[in-house]
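Student: Below is the structure I would like to discuss, written out as structure tokens.
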Amino acid sequence: MSLPEQPAPDQAWHISASSLTVRYGRRIAVDGLDLTFGAGVHGLLGPNGAGKTTLMRVLATASPATGGSLRILGRPSGDRHHLRAVRRRLGYLPQRFGYYARFTVREFVEYVAWLKEMPAADIPGAAQRVIERVQLGDRAGHRMRTLSGGMVQRVGVAQALVNDPEVLLLDEPTVGLDPEQRVHLRALLRDVGAQTCVIVSTHLVEDIAAACSDVAIIDEGRVAFRGSVDQLAAAGSREDSGDSAVERGYTALLRQHRTRVVAAR
Amino acid sequence: MTAFRIELRRSSALLLAAATVVVGALLLWLLADEWTARWSGLAYLMRALLFALVPVALAAGAWQGGRDRRAGVTELFGTVARPYPQRLLPVALAMAAGVLVAYAALLAGGSVQVAPYASYAGGQWPVVVAVGAVALVAAAWLGMAVGRWVPSVLTPPTLLVFSFLGQMLSRLDNGVLLPVLATPSDLATVAPEFLAAQGVWFGGLAAAALLLVASATVWARALAAAVALAAAGVSSAVAPATAFVVSTDGATLVCADGEPRVCAPRIHAAVLPALTEPAREALRTLAPIPNAPTRVVATDLGWAPVAPQRTTDVLVVDLRFRLNATGRFEAAPAGLRTILLKGAGTQSCPDPAWGFERDVAADQAATGWVTGRPAGPATDEYGRLGERTLSELKALPRPEQLARLAAYRTAKVRCDRDPLTALTTGAPR
């Protein structure tokens, strides 16, 4: 049932994509991306509609790529034979996190753990741990419908973490969180990222600066920049718009990328 | 187990169970006269309840089936390891458990009104109820499949109304594909082949519905449709034309000790202790009439296959509408004597050839003769006609009176000529 212990050929990278393309009809949402991700917290930054969510969905095996190749945990993503084993090792918080309102927090997290085919004996303990990790220990017995937006979002993070995933995909995880909760989530992500490949999609530049070891900027389905947060901060100058060095770097890199794209045409 | 335990509490299973118990208990209470004191009566009423319970199960299932789309979890749950059919199994089982426990609770509640009084435990009533339980599970799962396709808040009420109307418009006389099974008589039992055919149909429908709920591909749906069609085809082909046959066990006459004989069907043997003495007294009262009855048989005159042969030898007591919740006669001994002596121990025989009024008037006169009481209320036309007939009859010499009554009894039993004329002219024997 589980994957063999010896590493698959591309095990060095948790995720490796080359010429990855996703089309919806005539529209190209992801346009020939070459990206690799290993352990650590990786930020996926870009304007709205840049293709971030499409990329996250493909990485989460929610929808298929239409071109190029993608290996997740060493396995080709189109490989149905290994899909189930790969999915056991994924954690995913979609942009629109749906949940059963009648379930309690604990029931929902345990239910997702069951869906991820965790051994039944491990489920109660694992659920309790992640619920405490997102600071909802005192709400574990409350119905989901009674929670505030920020609490629901934290349950979303908890369900993604419950199976100790090797790849953790969080699409806009800080939406609805108050400043204190955001600070806590960033710390949690840094902690998880020590052994896990965490990919955080966001349009909030300050999240990236605080939580991520490196950044990919996506624009119109292409990689506009890939590098460390320090490189991102250093890319901007006083003339670029933004309230922080990272924001100025982001606008500068985006502008340079667009200039290159226009020139290439 | 994790998921089943959660789904039992959080799915619509509890709602379905509660609605089933409430609706079912209300109907059991409202229809108490129809079933108490007999296991088969309770069993067929449990099947009659499906008229309301199947729509409830469909609606609850549809609400449950729409949960994933309403909650917006398809994106997240589309990326988990566990395959879709496995994910659906716990909730489908929880819904089945909910409806089965509720149905069993109704049966248990009903048995409180049966167990202390039933004189006869035979028959296949547990199978009758079991087939109904399978039909309920099939309805809940079918509702889930529909709710999954059409996850609108309007789906459950629409299913509720249309399944209700559908049953009303369908042939109500016990079609093999219908959940409701209505017995024509206490003395009838459903043909075993008919019950088996229904088992095949509802079992097949439940399997098809479960397949449909868990289906992820067009092929799975086609397979589900094929299973349902095959079950319907097989069951329609093997089902006998008439659903009900005479219950050889339940309809067998059992008689009280001693002579003259007073007998009742085994299923109604509980009436005998109270019936025997008034019945023998009635036979003694009628004895002077030349063709007086010599024994009493209680039966259900509402169903032709069990109607006793019409003969002057037998005084027939119709049990319909005369029993109380304990399976005994509602009437006190005095009232029972009145029932037995009515029409000098005959059943009514209205016929367009002579009319309802003349039958009633003759009845009242004959009743008056044997009981020694006035023929009937003199306030209406029949009453006055009956009273006049009675006084004319009493004016005759006693042997002629008895001969007239014998002619009347013969006419009533044969039901071939006007009983009032027989009573007033005494013509042919």
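Cβ coordinates come from backbone N, Cα and C, glycine included.
TrEMBL labels come from automatic prediction, so no person has curated them.
Here's the feature list from TrEMBL:
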- B:12-32: transmembrane segment (TRANSMEM)
- B:44-63: transmembrane segment (TRANSMEM)
- B:88-107: transmembrane segment (TRANSMEM)
- B:127-147: transmembrane segment (TRANSMEM)
- B:159-182: transmembrane segment (TRANSMEM)
- B:194-215: transmembrane segment (TRANSMEM)
- B:222-246: transmembrane segment (TRANSMEM)
Student: Most CB pairs under 8 Å with the transmembrane segment (B:194-215): which of B:12-32, B:44-63, B:88-107, B:127-147, B:159-182?
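Tutor: So the stretch in question is B:127-147.
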Student: Please identify the stretch among B:44-63, B:88-107, B:127-147, B:159-182 with the greatest number of Cβ pairs below 8 Å relative to the transmembrane segment (B:12-32).
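Tutor: When the Cβ pairs under 8 Å are tallied, B:88-107 comes out ahead.
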Student: Return the stretch with the most CB pairs under 8 A relative to the transmembrane segment (B:127-147), choosing among B:44-63, B:88-107, B:159-182.
Tutor: B:44-63
Student: Go through the chain and flag residues at least 6 beyond the ends of the transmembrane segment (B:159-182) whose CB is under 8 A from any CB in it; none is fine as an answer.
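Tutor: For the transmembrane segment (B:159-182), the sequence-distant neighbours (Cβ-Cβ under 8 Å, at least 6 residues beyond its ends) are 44, 47-48, 50-52, 54-56, 58-59, 62, 128, 131-132, 135-136, 139, 143, 146, 190, 194, 197-198, 201-202, 232, 235-236, 239, 243-244.
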